[in-house]
Amino acid sequence: MLDPALLRQHPADLAERLRSTRGFALDTAKLESLESERKHMQVRTQELQSLRNSKSKAIGQAKAKGEDVAALMAEVAGVGDELLHSHGRLTVVQHELEKIYAVIPNLPHADVPLGKSEADNVEQSRWGTPRQFDFPVKDHVELGAPNGWLDGETAVKLSGARFTVLRGPIARLHRALAQFMLDLHVGEHGYEETNVPLLVNADSMRGTGQLPKFEDDLFRIYENEYEGHTDEETGESFYTPTGGVDPDPAYYLIPTSEVPLTNIVRDEIIDAERLPLRMTAHSMCFRAEAGSGGRDTRGMIRQHQFEKVELVTACAPEDSDAEHQRMTRCAEVVLEQLGLPYRKVLLCTGDMGFSAIKTYDLEVWLPSQNTYREISSCSNCGDFQARRMQARWRNPVSGKLELLHTLNGSGTAVGRAMIAVMENYQNADGSIDVPQVLRPYMGGIERIG
């Protein structure tokens, strides 16, 4: 969330910046009208509270003197009614303002190039040279399906579209990749391994910015409503379903472990000595892919359920730029140790995520598509998420509480890494060489198939 003070002080300037960089239309007239009413209702509520307190004090003094207090009590009752109305309206106005604040995207860093789509992203560097094949290249489906290692048909029977069943050596390769990534980030990059829930509450989703804007892309878990009873003989309590369902989701399936990892610092005050906090987790991720249409329907490129190794950092504001470079480099090392050609891209203003001020994407080379595809996205979110979460640290110089900066990145997507390994390490006979760094995780196997 942007600083409400900035929105109050410079609404027109911020509206123009949001329009030109994010394509976001801020209704400044509505914002200023609500802010004016908020100020008025806040002053009026405080005046009424003061008036009620003074009249209540007068009642006590009058009673002590034995005077009739009926008129004063009637006045206090009237003030109380007006206070109730004033406070209620203030609450409504504040809620309306919060709804506006909640859907405003973060402002890009000055280094971020202006643009509307991925076509305007700026390539920063490349690593590795794409392999030249002397035989027809197969995609990951053609490599995995004939042996039953990659089974989309069974997944459709079990669940539906955009799911995959992995078997045998490909399932083992998938697991090996996740283990390799975790070991690298924990053992060499200094991240703390963390095991997080896959189900989180709405506060967690709001904290990292998934709610309210992206609710349609989330899987929601609803709870049945129950009615309480007491056994007349034993006195024990028990519950039976009413047949109804609670209208609000009890939980959300995480779209990325960024959500639970980042929310670990929600409502916390972190000592400066503990910073930076660097955390990593390997988890399932779940996305409805509501806006993906018919894109990437073949194979495992875009799934409802997939696995990812996530990197999250919480740090002091002055360190976030350096931490962003460091995090991105940690993800690059994964691809380099796997021997996968990739390129690093700086996202333009129109292609960045909602919460980010600056994002680097790493795109891995897929021979079957003759192009680079995203495998990691590393973002600096500044204090945007921290303000929503009230995640703070105590500045040892000033002694004051300040908002943390939060960062997140994929280190990397496991399924896409598996696809890249399969395609880049394929042989003419359909077999797949196992990258050197993965062989200890594969029982020494050097080739699949």
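Quick reminder: no glycine exception, Cβ is built from N, Cα and C everywhere.
Less than 8 angstroms from the CB of Ser257 (L-serine binding site) sit Val196, Ala281, His282, Ser283, Cys285, Lys308, Glu310, Val312, each of them six or more residues away in the same chain. Per Swiss-Prot, the feature L-serine binding site maps to Thr256, Ser257, Glu258, Glu310, Ser410.
Secondary structure from DSSP puts Ile375 (ATP binding site) in a beta strand. For Arg287, Ala288, Glu289, Glu374, Ile375, Ser376, Ser377, the entry in Swiss-Prot reads ATP binding site, with the evidence type sequence analysis.
Comparing CA positions across the binding-site residues Thr256, Glu258, Ser410, the one lying closest to Arg287 (ATP binding site) turns out to be Thr256. In terms of C-alpha distance, the listed binding-site residues Thr256, Glu258, Ser410 place Ser410 closest to Ser376 (ATP binding site). There are 29 other Cβ atoms within 10 Å of the Cβ belonging to Glu258 (L-serine binding site). Nearest neighbour of Ile375 (ATP binding site) by Cα distance, taken over the binding-site residues Thr256, Glu258, Ser410: Ser410. Within the set of binding-site residues Thr256, Glu258, Ser410, the entry lying nearest in space to Glu289 (ATP binding site) is Thr256 (CA atoms). The most densely surrounded of the binding-site residues Glu289, Glu310, Glu374 is Glu310 (count of other Cβ atoms within 10 A of its Cβ).
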